[in-house]
Amino acid sequence: MSATLHLPKVVNRILEINWFYSLALGVSFLKCLLINAYHSTDFEVHRNWLALTHSLPVSQWYYEATSEWTLDYPPLFAWFEYGLSHIARFFDKEMLVVQNLNYASPATVLFQRLSVIVADVVFFYAVKECCKCLREGKGKDLLGKPSFILTVLLLWNFGLLIVDHIHFQYNGFLFGVLLLSIARHFQNRHFEGALLFSVLLNLKHIYLYIAPAYGIYLLRCFCFTQSNADGSLQWRSFSVVRLVTLGTIVLPTFAVSFGPFIALGQLPQVLSRLFPFKRGLCHAYWAPNIWALYNIADKAFSILGVKFKLLDINKLPKASMTGGLVQELQHSVLPSVSPLATLVCTLLSILPALFKIWHRPNGARGFLRCLVICALGSFMFGWHVHEKAILMAILPLSLLAVESREDARIFLMLSVTGHYSLFPLLFTTQELPIKIFLMLLFTIFSLTSLKMLFRKGGALLNPLEATYLLGLIPLELICEFVYPLTVWQKTFPFLPLMLTSVYCALGVTYAFIRLYISLLTCSDTTKKTKMQ
């Protein structure tokens, strides 16, 4: 009788395991199909890092400059490349020769592609752990389960597929470490969460964007052991022991990573590679953030100034009128922006969120919301931001999107806009149908699944939001098919990129504002939406 009673639970468990691994195997198969697709210069970047870490002593890693793609990731990632290089030699030893610039033999392509696919196992495990942290009702069919929807939103994320498995990078592996760290905090395993995040910072320093959320949350909710009845801080509950314990977990990670270079007296050289502030405000293709809107406003003012003879065209910086999208952008009318100004703007943009989790933490979900805002605030106001950094906000927001109607709405706006802004990364004709198909597939699933999850409240998007997202269709038609046929293609080749950046910047800015409104106006209790 006892075995009979437990049979349904066993069957459900088997079914759960089956659908998760089916999704994981399915996306892995798709990644294998993309092995011979176009790859960007990032492919050569990582091949060069394999070569220099394998062929040169540690003391030369951050000085080697045979290739223009010098090592500019933290030391722990360099050791990751070093480990991969010992497997790479069984595929093609020539890829490990530093002087073999732009080397891309079939065996080299196969190895590097497979290394990304295999490293994604970390991401798979992290997604499964995140699914355990969700609030799920009983008796729902598979397509209505938040865990199933979250798994698809993460494993089949459009941005990760094109950035890692076509363009070429190791973001899946890195986001796996991040999501696993977040899951550990949801599970009250704060030591593990802190350790994983310190490892992540030593793998890729871009995650400093979200370090303030981690620091404030751990200090408030771990080092302070109690809160007052109204949720405010109880100062007397501060635990020095917990603070010291956190330090003994985090600091050794940095010591192991940077220690050898400190011993060699190379810390300034390493830091100069990690933080190259000599680069311009914007990347070659403007990330869709506040500076894209700032740049286009400056161009508009300069054009109007010349038209009404308020400005002398001969005295304007050349890039402002003719160069289009360049790294070193000199503003003509508006004040030029310095790295310090972007840092101040970034800090101001995230301070309210940090204050919120300090004053009223609302548990791990409050921390996660603050993390997303820190990621998006840094994307909006940071210096020399890459368009790919939008994924740092989209992926963690997925966890909130399957539990809250308002977060689902914000997720749809941010993911559709942010993912479309990645289209210029794949500019070859062969990849055009692939990126359009994958984008449509992911977008349609996101819209239909989240609508089904929150079907009781009506449409997730209001008419204005839906119209804006539909506007991406004519934008794509103009940029990909119409504009190349016009006479302006040779004179102003940068215009499609500019249009894409500016249009997407409006959507990302809107999502950022909505996210802040959600943070400041809703308590944790009011955000527990019943899923039908």
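Cβ from N, Cα, C; glycine included.
Record features (TrEMBL):
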- 20-38: transmembrane segment (TRANSMEM)
- 103-127: transmembrane segment (TRANSMEM)
- 147-163: transmembrane segment (TRANSMEM)
- 206-223: transmembrane segment (TRANSMEM)
- 243-264: transmembrane segment (TRANSMEM)
- 333-354: transmembrane segment (TRANSMEM)
- 366-383: transmembrane segment (TRANSMEM)
- 434-454: transmembrane segment (TRANSMEM)
- 466-488: transmembrane segment (TRANSMEM)
- 494-517: transmembrane segment (TRANSMEM)
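A contact links the transmembrane segment (147-163) to the transmembrane segment (103-127), because at least 3 Cβ pairs that are 6 or more residues apart lie under 8 A. Spatially, the transmembrane segment (366-383) is not adjacent to the transmembrane segment (20-38); fewer than three Cβ-Cβ distances between them are under 8 Å for residues at least 6 apart in sequence. Remote same-chain residues near the transmembrane segment (243-264) are listed as 58-59, 62, 74-76, 191, 194-195, 198-199, 201-202, 218-219, 222-223, 270 (criterion: CB distance under 8 Å, separation of at least six residues from the stretch ends).
Against the transmembrane segment (206-223), the recorded stretches 20-38, 103-127, 333-354, 466-488 differ in Cβ pairs under 8 Å, and the greatest number is found for 333-354. Here the transmembrane segment (333-354) has Cβ contacts under 8 Å with residues 212-213, 216, 277, 281, 290-291, 294, 297-298, 301-302, 305, 311, 369-370, 373-374, 377-378, 380-383, 516, 519-520 of the same chain, all six or more residues outside its ends. Under 8 Å from some Cβ of the transmembrane segment (466-488) lie the Cβ atoms of residues 412-413, 416-417, 420, 423, 432, 436, 459, 495-496, 499-500, 503, 506-507, 510, all in the same chain and six or more residues away from its ends.
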